[in-house]
């Protein structure tokens, strides 16, 4: 280590004498009043490096000689600690607390209109996905792994509009979109319009980690999936009997022109791991009867999916066109980071703004302190969470309707 400029080349001289706080030179073995704690001949230049590097221990006056040596040793050791490299994970360092929030879409749901069997089926599906993701966190896994596990579970469940059981386009096929984002690095991967990738969220993760790009589309995305060895299936795999018969088995994101009672059901997850890192992911089949390669908000970073350790992780569901225009997911983070708003207020204000634009929907959001927000402007939103204190909840309607 180089000495401070005024000390360079004088290591031997410094070991014999140094300058006290009044500008006088102190001879070896003496401790005149006003000496710096680090002005002691035994340690010489090394102590002065610490004096310049760690100001906390810079000056101590009128210290008796018999105490000086002991204090100097402690100060020297603490000073060198100041020079040690520090590894910081997450925003404020490691934490043993974890949290996970998931959603299965929002819509004009009504507790009075939903049958008990159907409601219980959704609650069980949400609980299963939550358990899969939370198991990853309990085992020390990353937020990204937890998000992927939860979404993969929902993609395989025909109750949700993501992968198997997704809605069809105007041509009768299923086209899928997905995105994932790492809050620690703000790396992201996304895809749109794929028809053969069994688990789109896994493809999004591969794009993020194994390519130099952020988003792939249609045939190009499928070619990359094949190159990565991801499981591919025929498009028929995604089409369930309920979808084929026209029955709405899950809410499906409607365009603004459709009636409000049309339901929509993107799936998503946000997680906080023990290292303090956040992640977000979203997967969807989009809107029923979509045309011309329509792309919603789900695969667009900042609109339907966003994560940043400095603020929060967000996954959105609703009328995608409005969430794109409102840059919804990023708006929640920006209100926290630049507007100094708490998570709940930031998330609610974003949903209010989407309503002002003419759209409806909801978001799930989670910040680095484990705070959770799930505001929505529809009759209900399929959602569940495990809070840092272990509290678990599975909800569909607003709090009043479930009490």
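All positions are counted from 1 along the displayed chain.
Cβ atoms are placed via backbone N, Cα and C, with glycine included.
Just so you know, TrEMBL annotations are computer predictions that nobody has curated.
The region 'Disordered' annotation in TrEMBL covers 1-30.
DSSP assigns residue 266 (active site, nucleophile) to coil in the three-state reduction, placing it in neither a helix nor a strand. Among the features that TrEMBL reports, active site, nucleophile is placed at 266.
In three-state terms derived from DSSP, residue 320 (substrate binding site) belongs to a helical segment. Marked as substrate binding site by TrEMBL: 294, 295, 296, 297, 317, 318, 319, 320.
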Sparsest Cβ surroundings (other CB atoms within 10 Å) among the recorded positions 266, 319: 319
